[in-house]
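Asks: Okay, handing you the structure first.
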Amino acid sequence: MVVRAFVLLALFAEASAKSCTPNKADVILVFCYPKTIITKIPECPYGWEVHQLALGGLCYNGVHEGGYYQFVIPDLSPKNKSYCGTQSEYKPPIYHFYSHIVSNDSTVIVKNQPVNYSFSCTYHSTYLVNQAAFDQRVATVHVKNGSMGTFESQLSLNFYTNAKFSTKKEAPFVLETSEIGSDLFAGVEAKGLSVRFKVVLNSCWATPSADFMYPLQWQLINKGCPTDETVLVHENGKDHRATFQFNAFRFQNIPKLSKVWLHCETFICDSEKLSCPVNCDKRKRMLRDQTGGVLVVELSLRSRAFSGLCDFSDVLLHLILMLGTWAVL
C-alpha cells in the first residue's frame, strides 16, 4: 500500500510540474563577432527546455537571456576552434565556422517535435596562428533552421572601388592622411533569396572599436536615410543589394586606435506584401516600426522531410545582422 502511494505521488508531482509553453516559430538570431559567436532562439522552442538543448550536440550550456535561450562559442582561436563540436573550414582567405543546436532528450519517450538549428559564420580573414587572431572583418552570416525544413540566407557587407559597385575592395585597407574626406563605397548584398525579397538598410554607423555598441559612434544612416549631406544612399529596398557612400574619416583623440569599424543593421523586405524602397523625403511607416538589426524572411519551401510543399506563411526567420568591417585610417 505504501509503494502504491509513493507511485501515485510521483505521478502527481510529474503532472503538476510546470512546463514551458511551446513556441512554434522557427526563429534563430546569430551574432558573428570577430572572436565569438552568439546564437539565440526564443525560449521553449516546440516545448523544449534550455537544459534539453545542446550546442553542437555536446554541450548543454544554454542560458536564459531575456526571453531567449542563448548559446555562446566564446573562442574562435586555433587552440580552441572545435569548442563544443564547432566545425571549421579554411580556404584562404576565407574561414567558415559551423555549429548547431539540437534537442537531445534521453528519456524513454519524446513528446516534443525534434529541433535542429544549424548556423555558421564566415570570416574574410588572415588567420594568424602565432597570434591566434583574425584580421577582424565579419563578412557573411549563414543560417539554416532545421526544425521544419531548411533555408539558407547569406548576407555580406562589402566595400567597393567606385560608385558602380561592380568591383569589391578587400578590407581592411589603409587610407593615407591625404585621403581623409575621399569617398568610400559600401553595400550589403543578399544571396540565396528569391527576387521578391529586397535588402533594406535600417541604420549604419562607425565606431573606433569592433564592438558595435561602443559608446563613441558616428551615425551614417538612420531609419534608412542619410544623417547628413556627406552620406549618399544609392539604393535601399530596391534590389538584393543596398548601397551607399560616405566620406572617409578618422576618430580624433583616441590613443592607439586608428581603425574605423563600419556596422549596418539590415532586414529583408517582402516586396509582394510591403513597399520596400525607402523614400527619405517621406519615410515609410514600415521603417519606423521595424526593430533594427532584424532580418525578417517569410518563405515557402519544399522540405525533404515532407512529401508536399510546406507553407511557412506564419514562420519568420529572424537573423540579427551585425556586419562589421574596418579600415585603417
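From the backbone N, Cα and C atoms, a Cβ is placed for every residue, glycine too.
Pulled these features from Swiss-Prot for this protein:
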type     : residues      : note
DISULFID : Cys204-Cys264 : disulfide bond
DOMAIN   : 19-283        : domain 'ZP'
CARBOHYD : Asn80         : N-linked glycosylation site
CARBOHYD : Asn104        : N-linked glycosylation site
CARBOHYD : Asn116        : N-linked glycosylation site
CARBOHYD : Asn145        : N-linked glycosylation site
LIPID    : Ala305        : GPI-anchor amidated alanine
SIGNAL   : 1-17          : signal peptide
Asks: Check the Cα-Cα distances from Asn116 (N-linked glycosylation site) to the recorded positions Asn104, Cys204, Cys264 and tell me which is shortest.
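Replies: Considering only the listed recorded positions, the nearest one is Asn104.
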Asks: How many other Cβ atoms sit within 10 Å of the Cβ of Asn116 (N-linked glycosylation site)?
Replies: 14
Asks: Quick one: give me the count of other CB atoms within 10 A of the CB of Cys264 (disulfide bond).
Replies: 27
Asks: Sorry to bug you, but what's the C-alpha spacing from Asn104 (N-linked glycosylation site) to Cys204 (disulfide bond), rounded to the closest Å?
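Replies: Asn104 (N-linked glycosylation site) has its Cα 39 Å from the Cα of Cys204 (disulfide bond).
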Asks: Could you tell me which of these recorded positions, Asn104, Cys204, has the greatest number of Cβ atoms within 10 Å of its own Cβ?
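Replies: By the 10 Å Cβ neighbour count, Cys204 comes out on top.
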Asks: Expressed to the nearest Å, what is the distance separating Asn104 (N-linked glycosylation site) and Cys264 (disulfide bond) at their Cα atoms?
Replies: 36
Asks: In the predicted model, what is the mean pLDDT computed over the domain 'ZP' (19-283)?
Replies: 77
